[in-house]
């Protein structure tokens, strides 16, 4: 099969078309602006898979309809998924704009006095607004000289934020969500909404019964040599935690080995179902070798699978991590309990940062008073106003232990192309594999248990669907918190201590849902959330606006909120603008 190419960024230099001196005097400056933009983006950005970002520049500057059409023809042939129009001068507004209705687009109008780049920017944005095709405005804060080829810091920030979000939009389009199973324990997020995926994300849903996973395992539709490699890797790297089951439910060595074997097979088969595997064609399984073109997946598990077979905890944890028996590699996006809406939040976070994601229950709010009563410990520092216990048996990537290190030696989660094998090994060494609790998982399994290091910046997100409104996005920036070991042990043993934990302290604003930590917990829209490394809420906001998903809750500084220019015409309060604009324009891929 022909490999699907990655989306590219189109750069559109537009120019005043008047010959006999005007256009000629601007050609070099305008094209250099396009080249500088392309150089910035290719230097600073990568696709989530680690591949370099490519920019495609129009063959000529664009002065009118003919050159705009020629540019569009070139872009259409090269899989351009988003565009940035650049100019230092006046040009002819609606004659030169990008008219593709679903392609994210921005315009950078140079802030200079010699030629009115800002005037074109305003005229072009007015045309976009009038035609119902929103575009992002980029305009430097300070005036630059005409011969200044540098890109100011504020312009660079907007170019990169737009491009990150636009690449996420383009990368999701045309892919699928693999729904492996159905609704898990009545969890609304696992009632997979095909219209949401199709209309807002441009994706399809591939619904597959869990018996397909059973069939692949039982009929050996996998690479048997790879299974042996996976088992050897687990034997070398897995540390096992205590078995907290009653004696009658504890498994002997042979039974435990069978559970481990099937857990690793589940990871292999789910991966093959998502992306395909040419090795399957070699054993005569050509249809299965193709996969389902899935950029994200979810596994129902509970209870129709887990009452009889090993749970998905090991498979999900390994797939979501940036490494396995094949070494360091791109993480997959697999939502536990087939919570497709949390899966979408994971997908967004992964596309924006290139990193693995932490799937968790938003389990418990611990007030400072409650912790002091139970443990005698008085919270301070980042945790002084209370903390939220994020914990779940399944999809937390092992990267979430934060045993990787940034350039300053601080704990973090890095994109896979920056992770060393030593850092991957450190994450494995920080993880224990605990036998699943029989009362919950009768078929057995192993849950990963680790504790996220403290002081790490995170952004917690969640997508919810509201009847009559559609999808909404929640965002809470904050930090992981490290508690004294004895305090952690006391709190952790009050719940399921065989699962991975992140203690999370959201950044408070003193207003609305961020009045206090309790309010964050009380306003969270579902039982699950996702942690993405870094304070990247602004990127999520920009991405959501491209997809026309309003943000119902966030604690991002107002100066960092970046949405299409037309949002400003939808009222004076920026969050109300977001709702009205998203309702006005409707989902990006209207159906």
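Quick reminder: no glycine exception, Cβ is built from N, Cα and C everywhere.
Take the CB of residue 337 (active site, proton acceptor) and look out to 10 A: across all protein chains shown you find 29 other CB atoms. Swiss-Prot lists 337 (among others) with the feature active site, proton acceptor.
Annotation comment: Swiss-Prot describes 337, 361, 528 as Mn(2+) binding site, evidence class sequence analysis.
Sequence-distant contacts of residue 361 (Mn(2+) binding site), defined as residues of its own chain at least six apart whose C-beta falls under 8 angstroms from its C-beta, comprise 390, 391, 392, 527, 528. Annotated active site, proton acceptor per Swiss-Prot: 361 (among others), in sequence order, evidence recorded as sequence analysis.
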C-beta crowding around residue 528 (Mn(2+) binding site), within 10 angstroms = 26
